[in-house]
């Protein structure tokens, strides 16, 4: 009996392990796993349902069917445990061993493992140095391979056909050996001496010069070294023994009616066994070679299908023509083992239901239906019932609960008290998608949710469902309460803004209450306090919006900081305010001034208000305040009684005339087009322009009319005040709707797009109040349907982007406080087109300064390096006008395997410095992925209005100051005395008196400068102007024009202007030129001086050559005198076709995948002077001579726009040919900082367009992960191979080791990988395999004998350990510390013992943690 009780006590202790290793199994290893050989293909006897002996389900091999009972029934009961029945040979034990015991099949002929053969690049091919095609021919018995050439002229591994073989046998007899099939390949593999091969390859690598060979050798070397290091023998890639999966993992289930449902694996195994047995028999019978060969080939194919069906040839199919699911299919893909069972498990103690609004709840509560709670907390209730003695057994308790007796409800209340539950709404796109609440029991069947947390869950009450989960253990409850409780998560981790902002009716109520009206009832009255105002309002003496004077008591921070002094003291002030605002002042938290409420509260204002409360009053007060705001908002909205009707949509009276005028203009353009003055494209662009301007004008007229209304003030004068129109108030407050939607209701609907994105040129002139006619309705259906289709696509794409981002960053966790680096990036305000898009304060808030921040006026240090810049700091920095701050960034963090808190800065979701253990990688991925669904999917065609609006024609200063030009600015003075810019990348800056940069503007080539360097100017002064429609070609030298290759009809064509009748020459496109000869020439101009000599570039022997691009209109004549700064030709900007701008989600994906754009711009590889070399066919040759005098050539297609001209000095990394930038080039030539700035700015552009705020540091975290691999350029004395890509941390560790040993470290280049590539190339094979390309990843890992140190989150989830983040990080740290201290104690005791016996002391070996196989 005691043994029985002990048995129940033994809880299987899970083994503690720190790593998992994968490798190739040797045949002996497979046999050692096996409990017996499966000899027969039979499964179970269909009459008795007992497994057949020696078959696939044999009880003798795999274990008993029933617990502690042998097959024939001779031994039953526990007492026979471990006995092997002599009748049926079955061991008496637990039936669950059928899930663990494996069998094996001895193959009659060896078989190649298809993964190592067919998974590209073929591992077998690499080891043998043969092509995949050749190996396949040998394996599938189509050709012979020479094993030992002997004394013959044949070479080893040579392939020969059967015919060849017989001829050679006749010629040389048995001097040589050739084989076919897997035996042959196995012999070749056995013959390989790996160490020797590695040596030869290393020497070959050093001595060879050809790129292709280096690549090939390096690849082979990598595979061979892997075998060498892991101790795996190459011949193990050929199987002699096939393991058989335990039968419970490939079950056979009897259905009713005598049929069976079976796993496909059983079919596949049966086929292998049948063919194997047939082959054995044929070999015994000494059958003819050709029959045996065919059988061997069939066996190879059967094993192939079992391992990876469909990898080679046609997939094996079952009875219903469906391909069978092989072992490989079991683990890969969304339904495979990794993603279905290991990363996404079903959860006990959970339920789901529809959500309804719970306006009476506190922020940290949720309403839980009683029945649901009863079910979820059942075990807790059973326990309580037993403890209280209401029920004696679990069974009795169960009955009690099922009958729902009153005592059960009381106990439920008790159990639920202070026991948080977690609510989750799918899709969980960021961490706020799961939050913890304290349950409040309610009647009904729907979960009640607090309205303020809806924004975080992205929930609404139109039928959304949510799931409830119960944290069981004490630790889980504690974490849920401290970390996940809704009232502790009030900020968005993406940008640090409050997530508990009111929306819709709350906003409307607050807005209505804080508006002011002219001449409201009781205007001008004075009140002694808020209570008096409330009394007057309740008695209808005053209206909500009336202006009154009120004495208001504010609680302000106490200046007196001494002991026992109260933190807040009252301060009484008389405010001119409105009744509504005075009433709201009641709920103001201590420490906030009344001024924050003394304005109309729109949605943005309320968000700012809550943010201020959080920063000034702390979390607790903010949560209470938000709750009270919500209550007030609902109450006031109800009291306001706002509703809308058709009459609220006021159509502007000017609409008719505006639309009429537009129609006239359109007719005029049609007429011009008919008479051939404009092209069809121009006409279309103009028409679209007119209509979009018209709908703007109508919209503006409508808004003007809606937004104000005439009133009479107290003195009887007519004035206008902001309107109380319901529709206007809803849009203005941010409660619902927008100006655009109102425009469709009361203005005109405007232009519509076709499904392909092009705009239909006839707009919808009606609005919804007037109603649409049939045609208009039909046109608008396009857009509506496309919207729905787009949304569906977008969700999938956005989800996939998030998945890739999470995968690449999942192992990035904050692991230490400070890595001590002195690197960082310089942050400036982000300026575009002279506008400040993102202020400096927003970019440095919550970052750690890396250099001292100095007051520019007094030169004293304001903030030392290492200071976390909070709100007060950034406000001070902004006030002093500091325009650049160097801050720490995740990109330059020197922590290996993780990040440090200082480089990351503030945890945006908590508002303080990030904690060690925070999974910042996943947070970054979620912050970028979550708003993905709000981005657009389409590619924008910028044409017509949009492109014209985007073109500027001048720059003007926004602030007073002094003009300064950058070093790259060059200009010449023309005959009229104007300064003409001839540099491509010149910029003008405005600096203040202290020389601090205030703004910066690009000044394009050909602009006329109106202010020169050093001029003092006022805000609003124009700095430069230019013609936006054409780009000029300007001469920097004077002289007589001499044309070269300018031949009419060959390189140029004459164009006659319809209106003026003047003729100009236009350079024709290369493709349209007739003869071959004329394709390679380039029309250009040389200048002659007074003596008829060619004008030279000063200081060189080169003549001045000015080339004309395709489409240029040449404005000078041959032989004409020109002055410096004169225009030789103009290139119409229209000729630069409207280029498609990839926007939205595809653009973000493109950036993170680090794709090189097609037609990328070219950057200068070196710093030097440019010149043009001899042109080749269709290409121009640009030469850069560096400072040492070396020449670097670039070949550039003729139609590309070169941004530099002769003899210009360019810097390394400067753009010399126009086009989209290639991130890889930026990294190579400008470094990590420039790359990060490029990616961050580009990604932010996309999100900013949609009004989404994301903090830069999230994008930087992802860029860090994209840069985590390096390419070895010189391997020094390390184990790396030149050209190999390795993990940065590995390389740094190895280099540290080399330096410690006094050897030569490796040198390397940074490599930028796209997120998919980066995820697949992580060190953890478990994580990579669960992401994509499972087969390839596992094949590679097995050969390398890779060890996964379980550093990331994903690997740990998969093996079922606590993840090394948050509390899990602390847990693992503590565990490892305890292990090492235990080990030290063990060593110490061992040493003492050894000393006592006077035995010679041997060095104690550290017991290493065994890696689980």
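Even glycines carry a Cβ here, placed using N, Cα and C.
Since the structure is predicted, the reported quantities are computational estimates derived from the model, not experimental observations.
Residues or ranges marked as Zn(2+) 1 binding site in Swiss-Prot: 70, 72, 85, 88. Per Swiss-Prot, Mg(2+) binding site is recorded for 460, 462, 464. The Zn(2+) 2 binding site feature in Swiss-Prot is assigned to 819, 893, 900, 903; the stated evidence is sequence analysis. According to Swiss-Prot, the region 'Disordered' annotation covers 1392-1413.
Everything Swiss-Prot records as a feature, shown here on the structure.
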| residue | record | DSSP (3 states) |
| --- | --- | --- |
| 70 | Zn(2+) 1 binding site | coil |
| 85 | Zn(2+) 1 binding site | coil |
| 460 | Mg(2+) binding site | coil |
| 819 | Zn(2+) 2 binding site | coil |
| 893 | Zn(2+) 2 binding site | coil |
| 900 | Zn(2+) 2 binding site | strand |
When the number of other CB atoms within 10 A of each residue's CB is tallied over all shown chains, which of the binding-site residues 460, 462, 464 has the maximum? 464
Among the binding-site residues listed here, 72, 819, 893, which has the most company in the form of other Cβ atoms within 10 Å of its Cβ? 893
Given the binding-site residues 72, 85, 88, 462, find the one whose Cα is closest in space to the Cα of residue 893 (Zn(2+) 2 binding site). 462
Among 70, 88, 900, 903, which are binding-site residues, the residue with the most C-beta atoms within 10 angstroms of its C-beta: 903
When you average the Cβ positions of 70, 72, 85, 88 for the Zn(2+) 1 site, which other residues in that chain have a Cβ within 8 Å of that mean position? 71, 73, 74, 75, 86, 87, 89, 90
In angstrom units, rounded to an integer, how far apart are the Cα atoms of residue 819 (Zn(2+) 2 binding site) and residue 85 (Zn(2+) 1 binding site)? 65
Counting every protein chain present, what is the number of Cβ atoms, excluding its own, within 10 Å of the Cβ of residue 85 (Zn(2+) 1 binding site)? 20
Same-chain shell around Zn(2+) 2 excluding 819, 893, 900, 903, C-beta within 8 angstroms of the CB centroid, reads 816, 818, 821, 888, 890, 892, 894, 895, 899, 901, 902, 904
I need the nearest neighbour of residue 72 (Zn(2+) 1 binding site) among the binding-site residues 460, 462, 464, 900, using C-alpha distances. 464
Top Cα neighbour of residue 70 (Zn(2+) 1 binding site) in the set of binding-site residues 462, 464, 900, 903: 464
Between residue 464 (Mg(2+) binding site) and residue 900 (Zn(2+) 2 binding site), what C-alpha distance do you get in Å? 40
Return only the integer: C-alpha distance in Å from residue 88 (Zn(2+) 1 binding site) to residue 900 (Zn(2+) 2 binding site). 64
List, in sequence order, the residues of the same chain other than 460, 462, 464 whose Cβ lies within 8 Å of the centroid of the Cβ atoms of the recorded Mg(2+) site. 355, 459, 461, 463
